[in-house]
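Okay, so here's the structure we're looking at.
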Amino acid sequence: MVFRNPLDKFDKKFIFFDGAMGTMLQRSGLQPGELPEILNVTNAEIIKKIHRGYLEAGADIIISNTFGANELKYNSSNYNIEDVITAGVKIAKEEAACMGKLVALDLGPIGQIMEPAGNLSFETAYKLFKNQVIVGKKAGADLVLIETMSDLYETKAAILAAKENTTLPVFCTMTFQQDGRTLMGTDPKTMVVTLEALGVDALGVNCSLGPSELQGIVDEILEYSSIPVMVQPNAGLPRYDGKNTIYDITPEEFSRNMAIMAKKGVRIFGGCCGTDPEFIKATVSALENIQPIDIKEKDYTAICSSTNTVILGEGIKIIGERINPTGREIYKKQLKSGDVSYIEKEAVTQKEEGAHILGLNVGLPEIDEVKMMEKAIKAIQKVVRLPIDIDSPNPSVLEAGARVYNGKPIINSVNGRKNIMEKVFPIVKKYGGCIIALTIDEKGIPDSAEGRVKIAEKIIKTAACYGINKKDIIVDCLTLTASAQQREVMETVKAVKLVKEKFGVKTVLGVSNISYGLPRRCILNRTFLAMALDAGLDLPIINTQDQGVKDVVAAFEVLANLDKEADNYISIYGSKNDVLSKNDKEDKGESEGDLKSAIIDGIEDRAVRITSQLLKNKMAEEIVNYNIIPALDEVGRMYESQDIFLPQLIQSAETVKKSFEIIKKKILEDGEKNIEKGNIVLATVKGDIHDIGKNIVKVLMENYGFDVIDLGRDVDIEKIVNTVRENDIKLVGLSALMTTTVINMKKTIDALRENELQCKIVVGGAVLNQNYADMIGADYYAKDAREAVKIAEEVFSV
Ligand code: B1M
């Protein structure tokens, strides 16, 4: 078994963690909103009792009551975070030690959304986790358990904090929804690829769903994981009965499902919400006679963003070459001023043109390359889901990039020079990544293929000494220019073949360099590419605008039997028009594109520029109705069909906000000022945070001279009632966008009626219609903002 100390000492087939803490505390009277970790200081006995129950049930490791004990959550409490964590670990330690068992320091999510979708920066998250692990380690924790994570980026911050500040083993589990992804869109495969790369000791899933609903997710984790897999399900699918959250399944049913997982290969078990010592006891007993499955090293090479894994070697994967300043004046100019708009635009364009991975080089001598690399990675990850090839000869730039990257990147590059290997390999080991190995060393690039193979061998062997697996090495046999070194062209092709045969590693080549200095470069590029692909090239770095080069890749995949039944080929070339239009496409590089795509891609400054441009010829409302709303509808569709995930949804909404700021200014400038017509209260109902539509209604109403008291979104019923009463309001406008929140709209209307407030109520939002509005007792339904204004005019004219 591959368990690191101190878990080796168990010498057991399976390891058992404990079950729920939170729901156990709720059963003992903890109220919603109370911070459960405070009990470590105020009522240690209750925590001890829960720990003891689990230890007696057979848990090998108990989890400290420190899940939410971070400075952000505790800064408004009267308790010192260090005291809370120390007490939590010590209580658990006392109980565990007398039975020879261990304590895991529990780290849960911080409770805020990470950048770029939210405000929590990576380094802030890191600092909060760092504080927790330092205190927890000092208090005597035996390992760190990072759990219930929805955001891969936050998880990475926690893992780095644990590994950089302690030598404790790190276990990590994420939480998945019924659609098989975390809230932020990470799928099980991507989680495995990233967490293994970051060097955790065990990984898996906790909370989420009940054990039977988790089976599919667990299967996928087991398929890709080379390290021990851990599962801590809830006691069934949680459901809400209007008062309490209920977990339905029995310890027997729970343990039956755990036994199925054990037979598939899961080695570490425990329970989450709704479980208690009976669940752990039943699981220990159900697994007693099961023979564990050996954990095998999985043989695949993968890189990923937070929501998209690319397996190298499964077909040809194209790296887009255009985010590189060489020969690109606009990009150079922007790099000097720190502007990322070229980078964002090229990321989106190359993705649309078929790149699977984006090359990223920000190297200019006169700029701070480290800062720029960090900024560029964040900018790209905000707008596309493709993995990135972080390209720089400078190890500090590679390190900065690898640190802020969300997922597992390609790190480009190392070479056969001793001092470079010494600097780059520790970075690759620490952050995880596939590393491009250039076949050049202190003596330069060998002329012969054999010479380059030797350097590749040296790099692979040295990497192994750092614990870097051969499957994570991508060898670059270096494309030399045909016009200057014609004889060596075939040596490169031969080297690719030899490297593949001898080491079985993946290979990469920058293709365009072959034709430098010769006319009609595209002809040479295509031909060289075909030769290299035949020799075993996996990752061509190309200009995705060159349709001919992409044609070669598509054709090669058919002829090499990689594109089964030519499915992909037929989907591209089945319709002639498609290819023609692609060839005819103007260089989108320089054009602004339309507002709809700027919103869908989430590129804020482009959306702002286009909006300003549009406002010169179009009415503000026209832009809202014909550009913004259709774009958001498309975003909604893409979200539903899982083409995008929550971070992209948020990014599009943020982009609309920026665009709407200018529109709002224009509407207000053009409005009828100083005509006071009356007061209106507007709110998005409780539980709903969608407010773009409500804000449009507000701006239009103000534009028509109404005074709007905007209560915001997710508004308590009581607050609406009180505001209406205190301000003697004649018209209330309620907005709701989700089927699940329309019920709160009804409750709000009921409360207004029950309080006998003499106001009219208008409702709106995408899920409503006239029928529904009638059903829930509203006076009016407005399908859009314009109609809401008409209704207001009517109400106030009486
Ligand atoms: Co979310 N979201 N979202 N979302 N989001 C929807 C609504 C959804 C349909 C997407 C989808 O799955 N296809 C889906 C709801 C499914 C359902 O219940 N049927 C959904 C979901 C599931 C979610 C989350 C649960 C996702 C998650 O966390 N897993 C989460 C919800 C969190 C919560 O509320 N508790 C969530 C989060 C978000 C963001 C924060 C990322 C963001 C909102 C940002 C913000 O508003 N500040 C967001 C967005 C942008 C959308 C979509 C894409 C666009 C909504 C929008 O702004 N439309 C949306 C899909 C869609 O609707 N196409 C979707 C444009 C806006 C102008 O239209 O609000 O309808 P609308 O307003 C219109 C009219 O309806 C009317 O006037 C406006 C036009 O003039 N109107 C009124 C509206 N209110 C009115 C009030 C009136 C009168 C007229 O009188 C008072």
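All residue numbers here begin at 1 and follow the chain in the order shown.
Glycine is treated like the rest: Cβ placed from N, Cα and C.
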Task: Listed co-binder of Zn(2+) (same site as C272, C273, source TrEMBL) among C172, C207 - done: C207
Task: Candidates C207, C272, C273: member of the binding-site residues with the richest Cβ shell (10 Å) - done: C272
Open item on the list: Summarise the domain 'B12-binding N-terminal' (582-675) as counts of helix, strand and coil residues per DSSP.
Closed with: 71 helix, 0 strand, 23 coil
Task: Cβ-centroid neighbourhood (8 Å) of the Zn(2+) site, C207, C272, C273 excluded - done: A20, T148, T175, N206, S208, Q232, P233, N234, G271, G274, T275
- [ ] Sort the residues of the domain 'B12-binding' (677-798) into helix, strand and coil with DSSP and give the three counts.
- [x] 55 helix, 24 strand, 43 coil
